[in-house]
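**Student:** Below, the features straight out of TrEMBL:
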BINDING   CYS262, CYS325, CYS326  Zn(2+) binding site
BINDING   GLU706, GLY777, ASP778, VAL779, HIS780, ASP781, SER825, THR829, ALA881  methylcob(III)alamin binding site
BINDING   ASP965, ARG1139, TYR1193, PHE1194  S-adenosyl-L-methionine binding site
DOMAIN    29-340  domain 'Hcy-binding'
DOMAIN    371-632  domain 'Pterin-binding'
DOMAIN    662-756  domain 'B12-binding N-terminal'
DOMAIN    767-902  domain 'B12-binding'
DOMAIN    917-1231  domain 'AdoMet activation'
REGION    1-24  region 'Disordered'
Amino acid sequence: MSNSSGEDIAVSEGKQDRAGRVEATAARTQRLREILDERIGVVDGAWGTVIQGLGLSPEDYQADFLVDHPKDTNGDPDLLNLTRPDLILDSHRRYFEAGADITTTNTFTATTIGQADYALEGKVREMNLAAAKLARQAADEAEGDKFVAGSIGPLNVTLSLSPKVEDPSYRAVTYQQVYDTYADQISALDEGGVDLLLIETIFDTLNSKAALQAAYDVAPHLPIWISVTIVDRSGRTLSGQTVDAFWTSVRHARPLIVGLNCSLGADEMRPHVQALSEIADTYTASYPNAGLPNAFGGYDETPDQTAALLKEFGESGLVNIVGGCCGTGHDHIAAIAASVTSLPPRTPVQRPEGTRFSGLERFEIGPDTGFVMIGERTNVTGSKRFRRLIESKDYNGALDVALDMVRGGANMLDVNMDADLLESDEEMTTFLNLVATEPEVARWPIMIDSSRWSVIEAGLRCVQGKGVVNSISLKEGEDEFRERANIVRSFGAGVVVMAFDEKGQADTAQRKVEICERAYKILVDEVGFPPEDIVFDPNVLAIATGMSEHADYAKDFIEACPQIKERCPGVHISGGISNLSFSFRGNNVVREAMDSVFLYHAIRAGLDMGIVNAGQLAVYQDIDAELLEMCEDVLFNRRDDATDRLVDAADRFKGEGTQRKQDLTWRENDVKARLEHALVHGIVDYVEDDTEEARQQAEKPLHVIEGPLMDGMKVVGDLFGDGKMFLPQVVKSARVMKRAVAYLEPFMEKEKEEAKARGEITSDRGNGTVVMATVKGDVHDIGKNIVGVVLGCNSYKVIDLGVMVPAATILDTAVAEDADAIGLSGLITPSLDEMVGVAAEMERRGLKLPLLIGGATTSKQHTAVKVAPAYDGTTVHVLDASRVVGVVSDLFDDNRAEVLAASNAEEQQRLREQHEGREQKPLLSIEEARANREVVSFDEELPVPSFTGVKHLSPTIAELRELIDWQFLFLAWEMKGKFPKILDEPVARELYDDANAMLDHIIENDLFEAKGVYGFWPAHAEGDDIVIDEDGNDVRLPMLRQQTKKPLGRHNRCLADFVAPEGDHLGAFAVGIQGAEKVSGEYEKNLDDYKSIMVKALADRLAEAFAEYAHLQARREWFEPDADPSAEELLGEKFRGIRPAFGYPACPDHTEKQKLFDLLDATTLDIHLTESFAMTPAAAVSGMLFAHPDSRYFTVGRVGKDQIEDYAQRQGTEVLEVERWLRPNLGYSPEAKAADGA
């Protein structure tokens, strides 16, 4: 009796002790957060470096318990916690004296696996306990707040790689063994009193997942620090993941800190630190080696050198914690701590939520992704071939199936091993281990598919990326559903949820929606599953079975999709597409037609992804018209005999093809004349034949380029320079040139190899190399692409890095390619700051290349005032494509470059002085500006919209075509003139005809889709704010007011002036054209720049037309129910009301766009915001809707510090943040004001 009571007391005391430890940890975590918000923290250096410097003897690694030990323990650093605790304690103390805020325990290899080399597995708990207590003692003795991080190092075995070359599926360890070894270590570190757990030097993400899971299970109260190791300049871990793929894979653990350490020195690590800093929504850390190892394995970087590099990390806002790894000791940490002591910390980024999965690379489902194809052939239940390969152990053949899937367009692989005669757990493990060794497949996320939970778990233990589990359901009740959802979440995977509950499979639209909504509430509200990681499968069931109860299955699925999206915001919808046509197995033509028709309609209803054979789908518009009608009859159950008609007719359908023929008289000329004619007229039909004929006549393939091709392009250039050719024609000429060069490339490569073998030097630099990019955060590239084409036509080598390109990528490429110049492009105003950042980084790296600035939002003034001062090299603003060749040719000529640099610098200095004079012109105070507000009358009854909330819009492209403002298409191609008068010019007429032909093609082939939303909410004005009532919650939209002094009778306007103080409404909209990126990309692959640019330009015009369409619908619902304006009246804006957009003159703050998107739930329509608040797809428009008859557009212009401070307070944002986003509108220099304040 007394023993039992004593045990109860001991258990009770243990619980109390643990509760106290949890409470104390929470308090210390909060204090650590406060410090990291105030300044840059410092972590200690490398234990290995310190211990090596002590010159220890074998006796230092001995103790009584090691007498007669079977293995030599000399050199085991973790053993010193037990044999020489005095040395370990002293090192902790010295690190704190040097300025470290955090010390790490000496437990880098203190795991049962790590200590097996010394046969000390039985001492692991004592090692960790002792190490934690020593660090804790030092921290408690030190002055100020000091913290202890329990070091959890990597293992000498990996879950993602095989140590046997001959057996890539083999693993030296299991996931459970890795989990167990880390769990033992974490338990002891926790008991020893660490403040946080540091899972460091991660080279295999799957190993780290096991550690994270162990940490969550054993010590959930301890915050986590994750630190990954990039093995070389490729930017990947040893197991192959990129930095962003790694972060995507571990973000579910919600670490307090994430960072990089080891392998690289600070200089080499910097771009990877920057990449992580830009995506991590938590604190970031960097503790690099002291440079790269020398020939003897040592490190030569001095404390001051390492400190200087890490100081720059801090100055650039990249880090919250710095420290050292291999080669760094107490002196390094002292120098590092001194270098960052006065620097402000990085502010963690707030990224727009999005669906991100990963393999070796990140896969983000966004506006440009389109329908996500999940490859279905790696499934033994759906592919006889794959099943035979698995059953016969032909894993190479099975891997080929996976390769076929990704090469056929699959974005994700569904892997299923559920067959009666297979050991499914074992086969899933073997195959996924093999997939990890095939980079082309492994770069994509894996969908682990099984009806057996043990197989799902086996799969999760093999995938280092963020995959998807297929599936869980409510079939066995809510308790099992929660349990399995929690397991999936612990691995960081997404989840497919079947519309299946205790009553069975959902077969009606109502049941599908009800089950999904119930599951959503459990997952989001109880389990904490992010909505964006949830994929609902509302059950694609077989139709045309002959059973009447199956007739509505397809229709019910399509009807359920939008309802699920509405009731479960943020989720995605998937389905097993081939289930639908199962009744017609054996008739591939009909099956593919049915599946394609179903996909066509389901995608428009909200289907995001599907398990399909990515390479075998009929093209919707190519389906025989009779077959198409019968498929849709069956799909929508439009007639009683639909199934019978399709069955009867099924055998009659076969594929057909068409071809066309062309012949022209100019083909009778010699080959040089034919090539010139083709180049000038943009004719590609015969270019390869003509190029081959010219190659046969030339001594070298290069001579064809230097001779007839460049002669033809010189004619093109001369005509363009004389204004006798226009950009559309030049881009067509470039298409011909690209095709010809592409044909010659294999011949030139062969010749180059032969020249190298002879020791000769060859070059393909042409007139020089230009690296071009649209800067990070911006997705617009039409102008940049045109500039690239024009430069290419003039024999410059152009390396176009595309859109959303980080500074490090741009500059690394410029160095690697030995570029002669860098060109930056951007459309939205935040891109201006990004360009300044690139210029500053060029200065930091000591580059001297000319920097070209272009794009719609750029200007000579901004380039002179903001960009040029950040960089000592020549920075030139290029107005348009017609000017770029002259500028670049001058910059690349030594003599003319000096003249250009001098005149450019003189002009920029004049513009800076002009700007300073403009800044000095006094602004009204914000109080004075408000006193001069426009007094708008609200005496008339305020119009009330017919609904509140949102409505979706999906007009056809043909409808929007009628609303295109053609004027801006010609401007995009840099052709001046008024429409339609400009059509008198033959070139303009040709461009117009080409555009319309492309529109015909887009409409006939259903290549674009218009998706939009608009809505209304009760609203009122409070001062300069518009306050929206969204279901009882206030959404405040702060507006800016003009502050420049106005002539008598003119007012200082603010958009809030047009909203009544009470009882009014505000509208909003967001519209986008989907599909342009895919279509444009196909033309780019085929070297057709002209059509690629045309597609993007038309998408932009259609987006603007869609905005007019949405505005018209809104006016009809609000205050003009009978509005029926002509297209001319619409385009002339001869109507009541305005639709100003955030980021434009009347409301220049792009960041407020996020509130608009939240109100509209725009992301459900695949319209998203980048980190710089650019919209994707690029062909997208959003804005507010005002009804007041006096509302009008205006430009806010310059604003003063007083209004910025007031605006920041109203917005709930820091002044520095507001200044960052509104920099072009600042009527003062924030740097100067800050200095004045100091």
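Including glycine, each Cβ sits where the backbone N, Cα and C put it.
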**Student:** Where TYR1193 (S-adenosyl-L-methionine binding site) and CYS262 (Zn(2+) binding site) are concerned, what is their Cα separation in Å, rounded?
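**Tutor:** With distance taken Cα to Cα, CYS262 (Zn(2+) binding site) is 55 Å from TYR1193 (S-adenosyl-L-methionine binding site).
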**Student:** In the domain 'B12-binding' (767-902), how many residues does DSSP assign to helix, to strand and to coil?
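**Tutor:** Output for the domain 'B12-binding' (767-902) reads 69 helix, 25 strand, 42 coil.
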**Student:** Could you say which of the binding-site residues GLU706, ASP778 has its Cβ with the most other Cβ atoms inside 10 Å?
**Tutor:** ASP778
**Student:** Of the binding-site residues CYS262, CYS325, CYS326, ASP965, which one sits closest to ASP778 (methylcob(III)alamin binding site) when you measure Cα to Cα?
**Tutor:** ASP965
**Student:** Which residue, out of the binding-site residues TYR1193, PHE1194, shows the minimum number of other Cβ atoms inside 10 Å of its Cβ in this structure?
**Tutor:** TYR1193
**Student:** Of the binding-site residues GLU706, SER825, ARG1139, PHE1194, which one has its Cα closest to the Cα of CYS325 (Zn(2+) binding site)?
**Tutor:** SER825
**Student:** Restricting the comparison to the binding-site residues GLU706, SER825, ASP965, ARG1139, PHE1194, which residue's C-alpha is spatially nearest the C-alpha of CYS326 (Zn(2+) binding site)?
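**Tutor:** Checking each of GLU706, SER825, ASP965, ARG1139, PHE1194 against CYS326 (Zn(2+) binding site), the shortest Cα distance is to SER825.
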**Student:** Given a 10 Å Cβ-Cβ cut-off, pick out the one of the binding-site residues CYS262, CYS325, CYS326 that has the most other Cβ atoms nearby.
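**Tutor:** Top count of Cβ atoms within 10 Å goes to CYS325.
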**Student:** Compare the C-alpha of PHE1194 (S-adenosyl-L-methionine binding site) with the C-alpha of each of the binding-site residues CYS262, GLU706, SER825, and give the closest one.
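**Tutor:** Closest by Cα distance to PHE1194 (S-adenosyl-L-methionine binding site) among the binding-site residues CYS262, GLU706, SER825: SER825.
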**Student:** Which chain-mates of ARG1139 (S-adenosyl-L-methionine binding site) that are at least 6 residues away have a CB under 8 A from its CB, listed by sequence?
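**Tutor:** Counting only residues 6 or more apart in sequence, the Cβ neighbours of ARG1139 (S-adenosyl-L-methionine binding site) under 8 Å are PHE1069, ALA1107, HIS1111, GLY1183, MET1184, LEU1185, PHE1186.
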**Student:** Looking at the binding-site residues listed here (CYS262, GLU706, SER825), whose Cα lies nearest to that of ASP965 (S-adenosyl-L-methionine binding site)?
**Tutor:** SER825
**Student:** Please compare the binding-site residues SER825, ASP965 by how many other CB atoms fall within 10 Å of each one's CB, and tell me which has the fewest.
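**Tutor:** Comparing Cβ neighbours within 10 Å for the binding-site residues SER825, ASP965, ASP965 has the fewest.
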**Student:** What kind of secondary structure is CYS262 (Zn(2+) binding site) part of, going by DSSP in three states?
**Tutor:** strand
**Student:** To what whole number does the mean pLDDT across the domain 'B12-binding' (767-902) round?
**Tutor:** 84
